[in-house]
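What TrEMBL records for K17, N18, K19, L20, R21, R145, L146, G147, Y148, G149, G150, G151, Y152, Y153 is ATP binding site. Sequence annotations record features per position, and here TrEMBL assigns substrate binding site to V63, E68.
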Amino acid sequence: MPFYCKFFEDIIVNKLKNKLRKKLLLKRKKLSKEYIKKSDELIYQKLILLEEYKNAKNIFCYVSMNEEVSTINFLRKVLLDNKRLFVPLCLQKGIMEAREIKNLNELKEGKFGILEPSEKSLKIDINDIDFSVIPCISVNKRGYRLGYGGGYYDKFFENKSLKSTYVICRGKMIYDNIPIETHDLIFENILSENFVEKINIYF
């Protein structure tokens with residue numbers, strides 16, 4: 001497909017994504033507190049039982065906010081297990097780095113109201129991360145993720161193997177018909193309270 005055709009196709013797809021984001025964020029706000037609590041606990045238990053997690057030394061994980069799948073217990077567990085914990089620091093538009101924290105008290109409110117590490121915190125090269133947990137609004141079982149539209153995670157992971165990277169999503173937020181842009185990554189592992197899906201992207 002010629003470049004200009006892809007360009008205009010991506011513009012159309014982007015508009016469809018924005019419409020879907022609004023729809024799914026509204027759906028997420030309406031999830032019951034009981035379901036959120038139960039699904040988040042099951043997702044946490046599944047994460048810490050993964051062999052990739054057990055064998056990892058350097059862990060990257062987002063700091064949850066609002067109605068996202070909670071990662072607070074997981075972040076605490078990483079520190080209790082004496083693994084190195086790295087969390088996102090958002091810089092200029094679309095650019096994110098993984099920075100080390102040794103205590104959750106080091107996190108302060110930053111861009112978009114997200115708790116972030118200090119800009120003086122230690123940076124790690126993405127290829128030195130052994131295991132990653134990333135957020136989404138939704139994801140489908142082919143590994144395509146719907147994020148918030150900033151492109152931070154797609155840019156961050158675009159040159160890294162995704163074999164030990166997990167997108168976590170509540171089962172009720174899985175959505176098959178996510179519009180796909182040409183630059184969208186396929187994430188190889190999807191984890192919900194109901195299943196762990198490993199996607200073969202090499203066939």
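Backbone N, Cα and C define each Cβ position, glycine as well.
A map of TrEMBL features onto the structure.
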{"residue": "K17", "record": "ATP binding site", "DSSP (3 states)": "helix"}
{"residue": "V63", "record": "substrate binding site", "DSSP (3 states)": "coil"}
{"residue": "E68", "record": "substrate binding site", "DSSP (3 states)": "coil"}
{"residue": "L146", "record": "ATP binding site", "DSSP (3 states)": "strand"}
{"residue": "Y152", "record": "ATP binding site", "DSSP (3 states)": "helix"}
Quiz item: C-alpha of R21 (ATP binding site) to C-alpha of V63 (substrate binding site): distance in Å?
Solution: 20
Self-check item: Entries of K17, L146, Y148, Y152 which, being binding-site residues, have CA atoms within 10 angstroms of V63 (substrate binding site)
Solution: none
Practice problem: Check the Cα-Cα distances from E68 (substrate binding site) to the binding-site residues K17, K19, L146, G150 and tell me which is shortest. | Solution: L146
